[in-house]
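To start, the structure under review is shown below, and the notes come after it.
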Amino acid sequence: MATLTKQQIGSVLAKQGILIAFVIFMIAFTIANPKFLTMDNVFSVVRSSAILGVMALGVTFVVISGNLDLSVGSMMSFSTIVVLDLHDKIGPFMAIPAMFAMTLCLGAFIGFLVGYLRLNSLIVTLGMLSAIHGLTLTYSGGQNMDIADKEGTWFSVFGQGTALGIPVPILIFIALAALLGLTLAKTPFGRKVYAVGGNGTAATFSGIPRARTVFFCYLISAACVATAGLIQASRSLGSQNTVGQGLELEVLAAVILGGASLLGGSGTVFKTVIGVLILGFIQNGLLLMGLQFYIQFVVTWVIIILAVWLDIAAKRGKLWSAIA
Amino acid sequence: MTDAKPVLHLDNIVKTFPGVRALDDVSFSVMPGEVHALMGENGAGKSTLMKVLGGIYQPDGGAIYMGDERVVMAGPLEAKAKGIVFIHQELSLAEELSVAENIYLGELPRKSFGRVDWGLLTEKTNAILKKLNVGFDARTRVGDLSIANQQMVEIARALTVDAKAVIFDEPTASLTDAEKVVLFDVISDLKADGVGIIYISHRMEEIFKITDRISILRDGQYQGTVNTSDTTEESLTQMMIGRKLDLSRNASHHELGDVALEVRGLSCGKLYSDVSFQVRRGEVVGFYGLVGAGRTEIAETLFGLRDAHSGQILLDGEEVRINSPADAIQRGISLVPEDRKGQGLVLGMNCRDNMTLPQVDDLTAGPFVAEGAEVAIFDQYRDRLDIRTPGWKQQVGNLSGGNQQKIVIGKWLSMHPSVLIVDEPTRGIDVGSKSEIHKLLRELAAQGYAVMVISSEMPEVLHVSDRIVAMYSGRIMRTFTSEEVTEDSLIQAISGLGGDKAA
């Protein structure tokens, strides 16, 4: 029997570590609580992951293009508050496109700063996280937003409805994942996203419009955030100003868990979906084990660190190295 | 020298990488007080050998001796501790720190409570700088120094340890003539102190001026060591490339077509000024000059990456404005850039996707990329250029330099350009691919392409060009036909000496 060297074990761990960890988690959870792997529970995990998932789809484009988007959490709060407010003012039929237009404007602004002005995306979107939060609070005057007639609006369909027995949020998630998955994997635009993230200079030298490509990635991200805001608003029909707070990190964790490199140029929509589910199952498992809800913030952080570490380790084929 | 022990002896060093035998039984030794040149083409194994010596790579076979003692270089620090010091081509200094801090980085003299002893530090540093006879002092910020002076800081750093052997890797690459004189003085001082010196350079002139012996590597194999005084440039070249250098001139025998590209009075600040030339269909025009002569910048302007401040660009007799690479591509200009990995390829992408990248918008079936058409294009150029890869799915980063360059060339040929600009087409690639690429450039001209070749290698320029434009400091000094050009006149023209200015 061949003995594995320390280095080989390290290399396997680095490449498959997150899957191994996930399987161990799943087994441990199932033993701890047999309810974990029931259909009901699986369904509930997917449904509660849909909002995070929709946002992660958009951020996948941004990350593959070699950038970050930390503004999606507060942007989602913005979308939710805006659509709820406009619902009573101009009716849901007009409120939805109006909210999408406003959210896309925010995305276009970020895309302009990062794509055309070539500003560092971390700084820009970290700033926007705070700026959009301020914008939301200004808009709402700091008040929670509620729909007056919660029983009589068709608006609740996006968050609470079902079609063919499947909750609408899951259907939206699946449809959007299919659409964006095809866009990324099969269209010329998708190819350009990989090229720009893989080597922006070489993409430029091949006539690829780098700035425009990055710009559209942020626009896609904003469209996904608007969709997530719509689901959120429709599900609760009322909201605080901070409903999306902290989601930016969870979204990023899901994208990285799926295997997209923070350096850009790699990752797929399908892998991001897996990442979203892993995160959802782990959080759900912790709850079923009877741990406090608040512990999941700590666990999410641990998972992010683990994922980033493994991402880098996979690149250099070692868990630790002094150079490169 | 015969009775002395070598300061450093490499004995049958072997180093393999997956698929490559980078060093195959290489032996050579450096005597005390000797300047020993290490020569070989790019990819011959010089860098690998130096990395073995510096403890960055561990050899798979063979041994290193210092004096009588067998040593193992476990890492860079150990190599340094044993007195082996590298002066790298690319400087590794912290620009924001002072000269003294850089020299003693990691070994700053201390007072009580870990405080740095600035007085002692400055004193020690100035003592070394005085020995080197340089015009700056210990407190100067390194970022404010010229490249040559930064190199002096590296050398000063070398002198703080008891150096047994100092390795200079292309030290004169970015130095002016006056700065070279200072460097050679330092080298002769080291020599007088009995230090062994390994000098890596491509520049024959320097090799003959300062070295005592020369060892040659080719494709990872040791070709022999010769006394500098007993050899000639020609025989060295032959040892390096394994055959007589094909210096044949290749003026076109076919009829030249119309002028495809004309540039009139093009200027761009300090980078280049008043540049005018023509390239006809069926013609290869070589652009020769030193690094920084403005050749790459002109290519970037023609490709829409850099704006010219004044002047005209004419394609097929018609004045055009080229605002972006997409513009240039659409007008039939292609650029094979100088930095293959940084500018030419997305290394993490597969071969096919790299090759079709500029035309991905046009290769569509409905909203999707027509992958079948892409594979067809890849297959066509793989066959035509003899690209060796297991298949189109292979990541470009895994290919050899020569095959990578062929992917870049294939990428642009598949766009059917009328003007093809190639910048340093054979930098860092093996001899075989090199001559294939030269042949290809000639063939393309014969097929009616207008080809601009920018190169810093004289044999290459002489070999492929119908005409040669010699540039110096942003200006065209002279244009030669392939019949009239001589090496001497070319060197004069690119050094800014003589050569009547005519375009």
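Note that the numbers count up from 1, one per residue, in the order the chain is shown.
A Cβ is built for glycine as well, from the same backbone N, Cα and C atoms used for every other residue.
Whatever TrEMBL says is automated annotation, not expert-curated.
As recorded in TrEMBL:
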- A:12-31: transmembrane segment (TRANSMEM)
- A:51-72: transmembrane segment (TRANSMEM)
- A:93-116: transmembrane segment (TRANSMEM)
- A:122-142: transmembrane segment (TRANSMEM)
- A:163-185: transmembrane segment (TRANSMEM)
- A:213-231: transmembrane segment (TRANSMEM)
- A:251-282: transmembrane segment (TRANSMEM)
- A:294-314: transmembrane segment (TRANSMEM)
CB contact flag for the transmembrane segment (A:213-231) and the transmembrane segment (A:251-282), at least three pairs under 8 A:
no
Taking a Cβ cut-off under 8 Å, which residues six or more beyond the ends of the transmembrane segment (A:122-142) line up next to it in the same chain?
68-71, 73-75, 77-78, 81-82, 85, 106, 109-110, 113-114, 241-242, 245, 248
Quickly jot the same-chain residues contacting the transmembrane segment (A:163-185) by Cβ under 8 Å, restricted to those at least six beyond its ends, or write none.
43, 46-47, 49-51, 53-54, 57-58, 60-61, 64, 157, 193, 220, 224, 227, 231, 235, 268-270, 273
May I ask for the residues of the chain that lie six or more residues beyond the transmembrane segment (A:51-72) and have a Cβ under 8 Å from a Cβ within it?
106, 110, 114, 121-122, 125-126, 128-129, 132, 169, 172-173, 176-177, 180, 184, 193-194, 196-198, 200, 213-214, 217-218, 220-225, 227-228, 231-232, 244, 247-252, 254-256, 258, 260-269, 272-273, 275-276, 279-280
